[in-house]
Amino acid sequence: MIESTKKPGSTVLVIFGASGDLSQRKLVPALYNLMLDSWLPDNFAMIGVSHHDRTTDDLREILKDGVSKYSRRDFRGNGDWERLSSSITYYKADFTNPESYKGLAEELDAYDEKWGTKANRIFYLSVSPQFIEPIAQNINTSGIANSIENSRIVVEKPFGRDYDSAEHLNKKLREHFKESQIYRIDHYLGKETVQNIMAFRFANTIFEPLWNRNYIDSVQITVAETVGVEHRGNYYDKSGALRDMIQNHLLQLLCMVAMEPPITYEADEIQNRKVDVLHSVRPFSTDEKVQEDTVRGQYFEGVVEGETIEGYRDAKGTAEESNTETYAAMKVYLDNWRWKDVPFYLRTGKSMPEKNTSITIQFKPVSHKLFPSEATTNLPNLLTINIQPSMGVKLCMQAKKPGLKMSLNKVGMTFDYDDAFTEATPEAYETLLLDVMQGDSTLFMRADQVEAAWKIVMPILNYWENNKEKEFPNYAAGSWGPQKADDLLERDGRSWLNV
Ligand SMILES: NC(=O)C1=CN([C@@H]2O[C@H](COP(=O)(O)OP(=O)(O)OC[C@H]3O[C@@H](n4cnc5c(N)ncnc54)[C@H](OP(=O)(O)O)[C@@H]3O)[C@@H](O)[C@H]2O)C=CC1
Ligand SMILES: O=C1O[C@H](COP(=O)(O)O)[C@@H](O)[C@H](O)[C@H]1O
């Protein structure tokens, strides 16, 4: 495990695609907050690479705008931004042109010379997927990744668009970098409340003995977003909820909640336990299984949080007869000792009535009914891990309602981040960028993890692509998704717990 309280050593962060949306909305605001919290190395520089004619001042202005709009801390005009921006320079290059990398090499060497040390070189690929291969190759052939220990490459999602392309990309990356140098981002893993799942499960005595098929009836994982496809129609219409959310974020949440206890808090050990979960997912082995246990949806015009949202097919960049799902739900089983016959229900959707990312564990009913049925609400114990926007854990149980008769009522025990902690919550990208600088890959995706996750969704992707959904669009923006998603649970005598 990496010493997490230590400031990283001298670092040059090269962001390919520095003028793009991700860089403005997430990466540079994260650097800004790391700087304010004194986490940036004493010797730090950022080189922003993209292809339009720009000066360093132009890039700084673009990024300043991003920080002022998106930083979790208010933008303060007291010289803080200038402290960060003075370490940012612009480098104009065509990603695909090997010649462009010569000047970059000179700039990187100049920092080593100035600081009198071999600085960490982090190559952050905030670029469209088709550029990953040529950039990795050009970094390698130009020799700018100067050593295995000091050089790291960070790759954004989407990591491939199916199993074959992800496997190919892994192979190509490994032609140029060692696995220990490759940091595949899934920003959900950087979220404070997602990291807390490990603490919650493995730093407390009371939950783990119950965390299995003997006590748990079922698990629900929900990632509901109020936003629709917005300006990302071009990307999203070729992706859909299964690729965009389930293959990565939801399967990672599944891993966190279902994994066996790791022996040590080491990156490889934790990733091994997560891969075990993915390998244990019962395959969707036939088209009938896909039809039975999965549901897809696409929203039509509706009202979300009081605002009318146009239908998905009317959004810019989407096809008129688009077959792309904006909602996906499924039931999966894990064929292993701990979870045999416990269903895990996963769902995610855009244009839902509320933003809610949560995991709910439904416990089995008590083994013997002691109280007369009119006295009890018959509600099972529920443990909800709220990931966002509300952050915390809530346990629902039954208690005697005060009064002269024995009557039970549902009550809750709540741990809320806002009440429990005074510390601010860092954004996921702050955690992840700091981890890359410190060389800690615990919260990143290993090659086999990504491939195992693709393997799970491939039969669904194939079936959905080859069989157009005739009922699309099939849920109103602002509703909880298609009726069939409710039916999926109703068949099992359960229902979605919109808590
Ligand atoms: N935006 C987001 O919220 C999220 C994005 N991602 C992923 O991050 C990656 C980047 O996304 P995003 O920032 O939105 O993309 P953008 O399209 O906004 O930015 C692309 C960047 O690449 C540069 N660029 C494009 N072609 C070339 C080229 N041939 N040579 C040099 N520079 C080039 C552009 O430079 P210029 O300005 O000069 O044109 C720009 O800086 C994608 O893989 C995306 O899927 C992942 C999660 C969320
Ligand atoms: O990766 C993605 O995640 C966002 C949701 O992220 P969150 O941190 O706001 O929960 C999603 O909107 C986007 O479509 C997807 O590409």
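Just so you know, the numbers here start at 1 and follow the chain as drawn.
Glycine is no exception: its Cβ is also placed from the backbone N, Cα and C atoms.
Summary of the site annotation: TrEMBL records substrate binding at His187, Lys191, Asp244, Lys350, Lys355. Screening the candidates Glu167, Glu225, Glu374 against this entry identifies Glu225 as the one listed for that site. Checked against ligand 1, the recorded positions Lys157, His187, His249 give Lys157 as the ones with a Cβ under 6 Å from it, listed in sequence order. In the three-state DSSP scheme, His187 (substrate binding site) falls into the helix class. A simple way to gauge crowding: the CB of Lys350 (substrate binding site) has 25 other CB atoms within 10 angstroms, across all the protein chains here.
Highlighted here are the binding-site residues (Phe95, Asp244, Lys355) whose C-beta falls below 6 Å from ligand 2: Asp244, in sequence order.
Between the listed binding-site residues, namely Asp94, Glu225, the fewest other CB atoms within 10 angstroms of a CB are found at Asp94. Farthest C-alpha pair in the NADP(+)-binding residues Asp94, Phe95, Lys157: 21 Å apart. Distance between Cα atoms for Lys350 (substrate binding site) and Asp94 (NADP(+) binding site): 35 Å, as a whole number.
Counted within 10 Å of its Cβ, the other Cβ atoms near Asp244 (substrate binding site) come to 23, all protein chains included.
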